[in-house]
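The active site, nucleophile annotation in TrEMBL covers 42. The domain 'Tryptophan synthase beta chain-like PALP' annotation in TrEMBL covers 1-291. Sequence annotations record features per position, and here TrEMBL assigns N6-(pyridoxal phosphate)lysine to 15.
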């Protein structure tokens with residue numbers, strides 16, 4: 001399912017679905033500035049810059065050095081180039097990877113206030129936020145509608161997971177569908193970890209899924225640890241750095257279908273899907289692979305095939 005093609009806002013991506021809810025709250029509160037954080041090549045911050053530009057708001061972005069990667073264009077091309085082009089105030093910071101709330105972002109919020117702005121803070125990935133899971137809870141309902149239109153049922157849903165609310169929203173959304181349509185077959189939703197901080201990501205997914213469930217007509221207790229199926233075999237040992245398996249998947253998808261993925265997220269989740277199929281771990285039925293975007297980071301990985309090894 002092509003969430004890499006879901007919007008005309010600077011190429012869209014999965015965060016655009018989340019920002020639909022967060023932007024509405026920011027506007028309702030009379031905020032003038034969106035403040036967010038991510039890595040240097042963050043797809044999320046690029047999408048924050050896009051919705052800010054389209055909505056007449058300012059964007060202040062903290063781009064931390066989440067990835068141990070050197071490339072001539074790493075700090076100037078791809079996502080960060082587009083954020084600057086759209087007028088965002090982009091600030092590079094040497095802090096390392098982490099999906100938790102960061103002091104670096106809090107400092108920018110305070111700076112915006114001191115400059116007379118009314119900031120709205122959006123955490124990394126628009127994830128650990130009270131509204132962070134709603135976009136992909138709704139996505140689950142969209143899937144059911146499209147299945148009916150296409151005459152197909154997807155037994156397995158595969159999605160990349162790092163900051164967690166995309167995966168968490170899906171878990172909550174499909175759980176609600178099971179409640180509303182008990183006669184439907186159940187889907188298995190599998191997250192492919194690309195964070196290499198598996199326990200932190202799994203805990204955040206569970207917390208966000210429970211929070212989202214409580215907002216859409218379920219209770220937190222309707223979501224359990226068993227609902228969070230997070231496969232940790234394909235993250236290549238470190239966030240943002242591809243291994244040979246990642247590049248093999250990227251090249252296969254491109255050469256076979258002109259299906260473009262990236263070394264940070266979708267290359268790893270696509271590698272996971274291919275490997276699970278080859279191992280016979282997914283047998284029969286239909287697989288829905290969620291492409292969340294990320295291709296714009298490819299320009300920052302200019303040496304194709306370069307790995308962490």
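Every residue, even glycine, has its Cβ placed from backbone N, Cα and C.
Automatic prediction, not curation, is the source of TrEMBL annotations.
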C-beta crowding around residue 15 (N6-(pyridoxal phosphate)lysine), within 10 angstroms: 33
Around the Cβ of residue 42 (active site, nucleophile), the count of other Cβ atoms that are within 10 Å: 27
Distance [Cα-Cα, Å, rounded] between residue 15 (N6-(pyridoxal phosphate)lysine) and residue 42 (active site, nucleophile): 11
Averaged pLDDT score, the domain 'Tryptophan synthase beta chain-like PALP' (1-291): 97
